[in-house]
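Below you'll find the structure I mean.
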Amino acid sequence: MRFSASLLLALTGSAAASPIRAEEEIRVYDLPISLFDDLQGLDAAMKAAGREYIGTSLTVRNDFQEQNIIRTEFGSITPENAQKWDATEPNRGQFTFGSADQHMDWARQNGKHVRCHTLVWYSQLPGWVSNSGFNNATLQQVMQNHINQVMGRYRGRCNHWDVVNEAPRLMAMRLQIGEAYIPIAFRMAAQADPSAKLYYNDYNLEYLGPKVEGAARIVRLVKQYGARIDGVGYQAHLVTEPTPTQSTPTPSEEDLIKALRITADLGVDVAYTEIDIRMRTPSNAQKLQQLADAYYRVARSCMKVPRCVGMTIWGVTDRYSWVPNTFRGEGDALLWDSNYQRKAAYNAFLRGIQEPVN
């Protein structure tokens, strides 16, 4: 079975602060950051609200400040690159787990939940897969072996797995296997680690329209094949303002909620999996306030959708963010600046988690 034209179109497109009286007419995230020093961290606030985790992507490096923030603020890590296909199986049948093991060991030593990432993705895919010319049967064998080896090594240690990432762009699988490669991958993953929650993960799902509807169709497709899919990851690589690479700013809280519900209403969990909200640089006070407002909207939308189980920020500090090297002239996308100082966006995000849901 091949991708239908309509599917392709769809896819390519708590210890809280003292109460603040209403008459004070101030927003929590306008307060000096020092006033928040004794508050619970982000993950503790999320758990106090009855959800699973607040996480960050992780690249293990010798940076005490970054690691200390992760230990105190985050309950979950996502290996940023260490579990991708090119890192784990650079040559057919030759597996290298050194970096992935390091990340998994760090998580275990520090008591962190792990979102393992990612099994089947068009990018960071070795040429021996993408340019192989394998037929349908061989490609399925390759996918089966890769999933079995990688998931099997970390069986029982991954809370969530991103099984398929950005499905419509994976031409190697699509051209030979057709759209069936998606449910096939989920079926293989469920057999390799029955305890892990299995996710489809994609970008631009936060905007109402063909992309999120395409993700919903993938959920239905996997279920129609009798395979298990537990959740949809909304990457949330967003912007505060129109930029050369993204014309539409972070949606309103209401539209974010609607977008999450499009897949959550199909009986799966949802999560924000790779949050960063970039702007044109350099930043200024107004832009940083827009950043705070956007992070607040994202947090509130998750808290207002019962099946939104967690949120992962794609990095801790702007010092190491992937954004400036990928989107020229854009950046300042995270909660801590390059000097490890919390931005107003941190307080806004925390407030978005802590505020009661009406």
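Indices start at 1 and increase along the chain as displayed.
Just so you know, glycine gets a Cβ as well, placed from its N, Cα and C.
Swiss-Prot lists 1-17 with the feature signal peptide. Residues or ranges marked as domain 'GH10' by Swiss-Prot on the basis of sequence analysis: 40-352. Per Swiss-Prot, the feature N-linked glycosylation site maps to ASN136; the stated evidence is sequence analysis. Swiss-Prot lists GLU166 with the feature active site, proton donor. What Swiss-Prot lists as active site, nucleophile is GLU274, and the listing cites sequence analysis.
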What's the CA-CA gap between GLU274 (active site, nucleophile) and GLU166 (active site, proton donor) in angstrom, rounded?
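About 13 Å separates the two Cα atoms.
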Among the active-site residues GLU166, GLU274, which residue has the largest number of other Cβ atoms within 10 Å of its own Cβ?
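That would be GLU274, with the most Cβ atoms nearby.
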Going by DSSP, is the residue listed as 'N-linked glycosylation site' sitting in a helix, a strand, or coil?
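Going by the DSSP assignment, the residue listed as 'N-linked glycosylation site' falls within a helical segment, counted as helix.
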If you draw a 10 Å sphere around the Cβ of the residue listed as 'N-linked glycosylation site', how many other Cβ atoms fall inside it, taking every protein chain shown into account?
14
Just to confirm my parser: what is the rounded mean pLDDT across the domain 'GH10' (40-352)?
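For the domain 'GH10' (40-352), the model's average pLDDT rounds to 97.
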